[in-house]
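Listed in Swiss-Prot for this protein:
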BINDING   70, 72, 240, 315  Zn(2+) binding site
BINDING   70, 72, 240, 315  Fe(3+) binding site
BINDING   79, 142, 175, 243, 320  4-imidazolone-5-propanoate binding site
BINDING   142, 317, 319  N-formimidoyl-L-glutamate binding site
């Protein structure tokens, strides 16, 4: 078999559907051609390779490149002062209603140029890449005007031009009510549906549309309108749902065949059943749970029992999860949410790919998929979840290089 590169003498965690658990292959080989995997499996079953380069992994573990399926990586400014206020007793809702929160970041984002947004996001992206990230989802949602939302999405896309990483973008215009629409949330949703989404779609700047369905965000009826507008433009949807209360957002997301519903601390049985039936992935965000000192756990066992796919993400954002470590996210998910090692690792590979609609292309070590790899100096995969402040990444491969 002709190929560009071969990684031999490796232990693989393939996450392939046909293998149990995380798909372990003890004596494994991965081969790539033109950026795609052409073989991933046991050395004893591998064809004869004609390779330009063969790399001896010396028994190291190879997983798919890590995927962060929920971030707000592009934003202006900083919210460290709000962190101090929260430590002094202020709640997320109190800070938001006092003009802080998302709106304060909106002002800084509007004031920044596209280039400035790219420059400020790069250190955050680099921190994730340093831990084996190869694909990231990035939302807009801090511009909250047509021009500034477009600027934010362009900045997110531009990150893929300056780093070897795949970026998927999500339009989150329905994130918060901008000051110019104070007292008129329906008027703002009109703007999102009739001006913003058509413009975003026309420029091809978004791979999906998201909304914040919450008491301090937008109602279920308003979210439905956003989803209908997205559907008319052929864009899949995602939803911030049931984080602070239960507005039946997850069930609404499932009704529209959403890729994912995210947060879910207040999710109920009806929402779980709807997600399971629709095949909507649950994206769990332990960093936000930790940072805002939430006490209500997402219903992990009920989601697990219903067969809802479980993905994990950093939720990197300036206000409620300034987290740029997927490895720490793994430990938080295991420690706080009682997820298993296998669930955690699948949550940042296979299930994360599912959550962004890219499972046909990334997320597992299988022939035909992008050759995105993370190569680790570990004895067993559990060490990626168990250790904190520990980065055993040996090498990262993106599209075969």
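Every residue gets a Cβ built from N, Cα and C, even glycine.
Values in this document were obtained by computation on a predicted structure and should not be read as measured data.
Counted over all residue pairs in 79, 142, 175, 243, 320, the record's binders of 4-imidazolone-5-propanoate, the longest Cα to Cα distance measures 20 angstrom. The shortest Cα-Cα distance from residue 319 (N-formimidoyl-L-glutamate binding site) to any of the binding-site residues (70, 72, 175, 243) is found for 72. Here residue 70 (Zn(2+) binding site) is compared against the binding-site residues 79, 175, 317, and the shortest C-alpha distance is to 317.
Here the C-alpha separation of residue 320 (4-imidazolone-5-propanoate binding site) and residue 72 (Zn(2+) binding site) works out to 11 Å. Those residues of the chain, other than 70, 72, 240, 315, with a C-beta within 8 angstroms of the mean position of the Fe(3+) site C-beta atoms are 71, 139, 262, 263, 283, 285, 288, 313, 316, 317, 321. According to DSSP, residue 317 (N-formimidoyl-L-glutamate binding site) sits within a strand segment. With residue 72 (Zn(2+) binding site) as the anchor, the candidate binding-site residues are 79, 175, 317, and the one with the nearest CA is 317. Of the binding-site residues 72, 175, 240, 240 has the largest number of other Cβ atoms within 10 Å of its own Cβ. Within the same chain, the residues at least 6 positions away from residue 243 (4-imidazolone-5-propanoate binding site) whose Cβ sits under 8 Å from its Cβ are 214, 263, 264, 265, 266, 288, listed in sequence order. Residue 240 (Zn(2+) binding site) is 15 Å away from residue 142 (4-imidazolone-5-propanoate binding site) when you measure Cα to Cα. Annotated N-formimidoyl-L-glutamate site 142, 317, 319; additional same-chain residues within 8 Å of its Cβ mean position, judged by their own Cβ, are 72, 75, 79, 101, 102, 105, 141, 318, 320. Checking the binding-site residues (79, 175, 317) against residue 240 (Zn(2+) binding site) with a 10 Å Cα-Cα cut-off leaves 175. Less than 8 angstroms from the CB of residue 79 (4-imidazolone-5-propanoate binding site) sit 100, 104, 105, 318, 319, 322, each of them six or more residues away in the same chain.
The secondary structure of residue 142 (4-imidazolone-5-propanoate binding site), as reduced to three states from DSSP, is coil rather than helix or strand. When other Cβ atoms within 10 Å of the Cβ of residue 315 (Zn(2+) binding site) are tallied across all protein chains shown, the result is 28.
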